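According to Swiss-Prot, the CoA binding site annotation covers GLY452, LYS453, GLU454, PHE455, LEU456, LYS457, LYS458, LYS459, LYS460, LEU461, SER462, PRO463, ASP464. Summarising the annotation, Swiss-Prot assigns intramembrane segment to 179-208. Among the features that Swiss-Prot reports, N6-succinyllysine is placed at LYS69, LYS85, LYS418, LYS424, LYS439, LYS510, LYS544 (among others), with the record citing a large-scale study or a structure entry. Taken from Swiss-Prot, the feature N6-acetyllysine applies to LYS79, LYS239, LYS305, LYS418, LYS544 (among others), supported by a large-scale study or a structure entry. Residues annotated as transit peptide in Swiss-Prot: 1-25.
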Amino acid sequence: MMPRLLLRDWPRCPSLVLGAPSRPLSAVSGPAEYLQHSIVPTMHYQDSLPRLPIPKLEDTMKRYLSAQKPLLNDSQFRKTEVLCKDFENGIGKELHAHLLAQDKQNKHTSYISGPWFDMYLTARDSVVLNFNPFMAFNPDPKSEYNDQLTRATNLTVSAVRFLKTLRAGLLEPEVFHLNPARSDTDAFKRLIRFVPSSLSWYGAYLVNAYPLDMSQYFRLFNSTRIPKPSRDELFTDTKARHLLVLRKGHFYVFDVLDQDGNIVNPSEIQAHLKYILSDSSPVPEFPLAYLTSENRDVWAELRQKLIHGGNEETLRKVDSAVFCLCLDDFPMKDLVHLSHTMLHGDGTNRWFDKSFNLIVAKDGTAAVHFEHAWGDGVAVLRFFNEVFRDSTQTPAIAPQSQPAATDSSVSVQKLSFKLSSALKAGVTAAKEKFDATMKTLTIDAIQFQRGGKEFLKKKKLSPDAVAQLAFQMAFLRQYGQTVATYESCSTAAFKHGRTETIRPASIFTKRCSEAFVREPSKHSVGELQHMMAECSKYHGQLTKEAAMGQGFDRHLFALRYLAAARGVTLPELYQDPAYQRINHNILSTSTLSSPAVSLGGFAPVVPDGFGIAYAVHDDWIGCNVSSYSGRNAREFLHCVQKCLEDMFDALEGKAIKT
């Protein structure tokens, strides 16, 4: 079970003004050091956030069985039903009581936080493809600002401005406003700032506003996942002031904050990046970055060799850098090329362990590629939106800006690593493994132009439910099956919430899919519309339950984790092939929509699966799908297109074309 990008469509920032005729340049001194000056302190609500509830065991069992129903035949389901009953009345009851007691003793956090960190950090698979996703920025609306040097400078300065704003407590708290006319106002903010932080959440709740957990934000900067035997560690050094830049597999560092914590003049940052872009050194014979794509135990062993070989100080500079800026030397050909580049690249020019890599291609196409153990995308999406808005609306430099007359050869340090023959062999082996894996990955995308959110809402259907129904229908059309499907939902409304799983495959989607795919002529348009409405209603219920911490996946995961921690024999429920099957997520799905995002993507979570990143926009639906050689992503997308056409036909009162 590997959660992907933050799914629920929380509003992140005011709508972007994309066609502003002129732009003020930020001076980056004094007030311009910050993106915003929130009158409510950033962490004002954190202490009073509600705690993530532990569902009742009987509710978890009911929800689990409901999710299993479309995946099992009658005899399999009866067997699973018996195992659930035995678990609920036996060892499960005992484990649940222990979980409740443990949760009572740890009121500073959530019951899932520790186990979830462990799940990520003990995983030994490469972080590339298995965990790290990407989000690509829309181009700067002013085309001349998409020059690589200009955009890299502006994104870097805006990112450092975000860092300063966050650490000064001046970043607006993350709040989900159900009634923004009441809660997203200066008057309310002036009032709530005086409410003690131990009570502030309740004040927001009274005006239908829901503050979200921001505990993950501190890992956004100066952070790296360090490979260790058996379990990795998250490392953060907030004192470091330098940026790490990768280009052609070479490593460079320079300060982006001065000794007083002020942002270095943007024209100096521009000069340093120009200096790096002018370095004509060829790609190193043994590009060290490949090691971050290795199996974690292999990388841990090689890292120790690096340290013992006299590279400790150099590695420390990589690990502690505010973030990693990757400058690529080629433009993007199309969306598929963009996805491959931002999801994995060629392995030489990313440090996959950094909390995030900010990638800027030759044509200014930019993306954030992030490591997933430290957070679920809540912080990344907020950072992403704020940086896009700031860099496009108040850019630090213009295309005609001249770089500072500074000696970058003094300010920029090019890092060099001493590599033993064992390390060189390690890099070569990592490269071979990386190249072989990437050859098996296919990515393809479609844009369905007939309609989107506006049309579906007029038909009183959940846009997300319709997209998920299209995936169920498409898989049935292509492979004749209903399979385990995963949609991640943020539980950031709770203290140290992570994610919960929505299980989109249901008896309703199965019935509706079979009607559309196998027997459309047997059903009237009205019947098909009714089935879609049933799917939408049930999906809405599942989504609400998940967001409120009332799914079944995290609860069962925590009980299993507790059993292992207490040395209890693995309960039979977890040995059931049905449990293995529902957690073998052939359809792993993730959605986000934001004015800043052009598209996102991730790899399948199982070898025979699809990784489906999608967004339902106002008048179109986008879908970016990955697969390994055992599945056909292009054919799947043809099926998705056909299924969306069929559903839109039915909603418009037309007969389904066979």
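Just so it is clear, glycine is given a Cβ too, placed from its N, Cα and C backbone atoms.
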Please work out the number of neighbouring Cβ atoms within 10 Å of the Cβ of LYS418 (N6-succinyllysine), leaving out its own Cβ.
10
Taking only the modified residues LYS69, LYS85, LYS239, LYS439, LYS544, which one has a CA atom nearest to the CA atom of LYS458 (CoA binding site)?
LYS544
Provide the number of Cβ atoms within 10 Å of the Cβ of LYS79 (N6-acetyllysine), excluding the reference atom itself.
14
Please list residues from the chain of LYS239 (N6-acetyllysine) whose Cβ is under 8 angstroms from its Cβ, counting only those at least six apart in sequence.
ASN222, SER320
Work out how many Å separate LYS69 (N6-succinyllysine) and LYS544 (N6-acetyllysine) at their Cα atoms, rounded off.
20
Reported as an integer number of Å, what is the Cα distance between LYS544 (N6-acetyllysine) and LYS79 (N6-acetyllysine)?
29
If you rank the binding-site residues GLU454, ASP464 by how many other Cβ atoms lie within 10 Å of their Cβ, the lowest count goes to GLU454
Minimum Cα separation from GLY452 (CoA binding site), reported as the residue among modified residues LYS305, LYS418, LYS424, LYS510 that achieves it
LYS510
Going by Cα-Cα distance, pick out whichever of the modified residues LYS305, LYS424, LYS439, LYS510 is nearest to GLU454 (CoA binding site).
LYS510
May I ask you to report the DSSP-based helix, strand or coil state of LYS85 (N6-succinyllysine)?
helix
Given the recorded positions LYS460, ASP464, LYS510, which one's Cα is the least distant from that of LYS85 (N6-succinyllysine)?
LYS510
Integer Å distance between the CA atoms belonging to ASP464 (CoA binding site) and LYS305 (N6-acetyllysine)
48
Around the CoA site (GLY452, LYS453, GLU454, PHE455, LEU456, LYS457, LYS458, LYS459, LYS460, LEU461, SER462, PRO463, ASP464), what further same-chain residues have their C-beta within 8 angstroms of the site's C-beta centre?
VAL466, VAL616
Rounded to the nearest Å - Cα separation of LYS424 (N6-succinyllysine) and LYS510 (N6-succinyllysine)
52
LYS460 (CoA binding site): which of the modified residues LYS79, LYS418, LYS439 is the nearest Cα neighbour?
LYS79
Once the chains shown are all counted, how many other Cβ atoms turn up within 10 Å of the Cβ of LYS439 (N6-succinyllysine)?
9
Please give the maximum pairwise Cα distance, in Å and rounded to a whole number, for the CoA-binding set GLY452, LYS453, GLU454, PHE455, LEU456, LYS457, LYS458, LYS459, LYS460, LEU461, SER462, PRO463, ASP464.
14
